[in-house]
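Trainee: Look at Swiss-Prot and you will find 6-134 tagged as domain 'N-acetyltransferase 1'. Taken from Swiss-Prot, the feature acetyl-CoA 1 binding site applies to Val75, Val76, Val77, Arg83, Gln84, Gly85, Tyr86, Gly87, Ser88. Marked as domain 'N-acetyltransferase 2' by Swiss-Prot on the basis of sequence analysis: 154-303. Annotation source Swiss-Prot lists acetyl-CoA 2 binding site at 237-239, 244-250, 276-281.
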Amino acid sequence: MKMIETSLASASAALRDRVDEILAAATREDGCAPLSESFLNGLRRADDGHVHSCVMDSHDQVVGVAARDGDSAEVVVDPAFRRQGYGSFLIRHVVSQGVKNVWAHGDGAGAKAVAKALQLEQTRQLLVMAVEGDRLVESAQLQVPSGFRVLALNEAYESIPDIEQQWLRVNNEAFEWHPEQGGWDSARLAQARDTQWFRESDVLFLIDTAKRTVAGFHWTKRHGDLAEGADGEVYVVGLGSAYRRRGLGDLLIRMGLHHLEYEHARRVILYVEGDNESARRAYDALGFHVVESHVTYSPQSSS
């Protein structure tokens with residue numbers, strides 16, 4: 001099979017358009033997007049440093065793409081060209097380049113079959129959970145305890161000059177263990193905010209009014225026009241270490257649900273690790289239920 005390796009951020013418009021066609025076709029076929037947000041950004045941002053391997057058919061038409069970032073990759077094949085070995089070819093290639101985790105969004109039958117054929121094992125599961133209807137309205141009810149107030153980022157700038165530094169502090173306390181979300185600095189935060197969907201009014205902070213410090217935050221996301229039926233998302237929620245074990249985690253979630261429901265969201269989704277049983281129980285109690293599963297497959301470790 002023929003393949004070209006490039007960065008699509010600097011590739012020709014024709015190649016980028018062809019990849020966009022493949023992504024759209026796969027989304028229609030599978031019911032979920034084949035690439036995550038970070039890998040979608042990597043298609044357009046050269047500074048992200050992603051490498052793209054494009055496999056071609058006998059007529060030199062690109063029919064599949066593997067996006068690679070460090071030891072992680074995501075692979076998509078045009079539905080019209082599946083079950084012809086292109087996906088397996090791309091996965092073998094990225095694994096040969098040091099990739100240890102290949103994402104399968106939706107984890108459909110095709111992905112399971114390829115993983116089995118290549119003797120890859122599931123190493124991580126990321127669930128999408130959703131709440132809608134009456135349960136959303138119920139869980140969006142908000143009572144802020146005495147001594148705290150809720151401010152959106154655009155409001156917080158006026159009363160808390162170092163709000164961004166406090167945001168980073170709480171984020172890094174909350175996600176010290178997390179490979180992607182932890183250890184952020186100002187540049188990483190600026191990069192995360194550099195998206196078309198970012199709104200300062202959608203980042204909510206729980207403020208300890210006596211200390212004028214951030215106790216926690218809830219960064220929400222809109223997947224389009226909420227009034228037109230687009231999903232809202234519990235994007236990132238973080239609680240500072242000094243405020244743990246005080247029952248504030250539930251409040252932080254409700255802050256975002258309250259905001260999104262007020263903004264006319266009909267459904268709110270979130271992502272949670274499949275093995276995080278305590279978080280899943282908390283989300284179950286708020287009416288969330290599993291709607292999608294995303295997994296990573298990895299080469300079997302030798303023992």
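The backbone N, Cα and C atoms fix where each Cβ goes, and this holds for glycine too.
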Trainee: Mind tallying the domain 'N-acetyltransferase 1' (6-134) by DSSP state, helix then strand then coil?
Mentor: 55 helix, 39 strand, 35 coil
Trainee: Identify, in sequence order, the residues in the chain of Arg280 (acetyl-CoA 2 binding site) that are 6 or more apart from it along the sequence and have a CB within less than 8 Å of its CB; answer 'none' if there are none.
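Mentor: The list for Arg280 (acetyl-CoA 2 binding site) reads Leu127, Met129, Val272, given in order along the sequence.
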Trainee: With a radius of 8 angstroms around the mean position of the C-beta atoms of Val75, Val76, Val77, Arg83, Gln84, Gly85, Tyr86, Gly87, Ser88, what other residues of the same chain does the acetyl-CoA 1 site pick up?
Mentor: Val55, Val63, Gly64, Phe81, Arg82, Phe89, Leu90, Val114
Trainee: Looking at the binding-site residues Val75, Val77, Gln84, Tyr86, Ser88, which has the shortest Cα distance to Asn276 (acetyl-CoA 2 binding site)?
Mentor: Val75
Trainee: Using DSSP, how many residues of the domain 'N-acetyltransferase 2' (154-303) fall into helix, strand and coil, respectively?
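Mentor: Its residues divide into 59 helix, 42 strand, 49 coil.
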Trainee: To the nearest Å, how far is the Cα of Tyr86 (acetyl-CoA 1 binding site) from the Cα of Val237 (acetyl-CoA 2 binding site)?
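Mentor: Tyr86 (acetyl-CoA 1 binding site) to Val237 (acetyl-CoA 2 binding site), Cα-Cα distance: 38 Å.
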Trainee: Which binding-site residues are spatial neighbours of Gln84 (acetyl-CoA 1 binding site) here, meaning Cα within 10 Å, out of Val237, Leu239, Gly249?
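Mentor: Checking Cα-Cα distances against Gln84 (acetyl-CoA 1 binding site), none of the binding-site residues falls within 10 Å.
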Trainee: Far apart in sequence but close in space: which same-chain residues, 6 or more away, have a Cβ under 8 Å from Ser278 (acetyl-CoA 2 binding site)?
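Mentor: Expected: none.
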Trainee: Using Gly247 (acetyl-CoA 2 binding site) as the reference point, find which of the binding-site residues Val75, Val77, Ser88 has the shortest Cα-to-Cα distance to it.
Mentor: Val75
Trainee: Within the domain 'N-acetyltransferase 1' (6-134), what mean pLDDT does the predicted structure show?
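Mentor: Per the prediction, mean pLDDT sits at 97 for the domain 'N-acetyltransferase 1' (6-134).
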Trainee: Run through the Cβ atoms and count how many others sit within 10 Å of the one on Val75 (acetyl-CoA 1 binding site).
Mentor: 28
Trainee: Rounded to a whole angstrom, what is the largest C-alpha distance between any two of the residues Val75, Val76, Val77, Arg83, Gln84, Gly85, Tyr86, Gly87, Ser88 that the record assigns to acetyl-CoA 1?
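Mentor: So the binding residues stretch over 15 Å, Cα to Cα.
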Trainee: May I ask for the distance between Gly249 (acetyl-CoA 2 binding site) and Val75 (acetyl-CoA 1 binding site), taken between their Cα atoms and rounded to an integer number of Å?
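Mentor: That comes out at 35 Å between the alpha carbons.
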Trainee: Sorted by position, what residues of the same chain at least six away from Val237 (acetyl-CoA 2 binding site) have a C-beta under 8 A from it?
Mentor: Ala174, Gly216, Phe217, His218, Trp219, Gly249, Leu252, Ile253, Gly256
Trainee: Rounded to a whole angstrom, what is the C-alpha distance between Ser88 (acetyl-CoA 1 binding site) and Arg245 (acetyl-CoA 2 binding site)?
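Mentor: Here the two Cα atoms are 47 Å apart.
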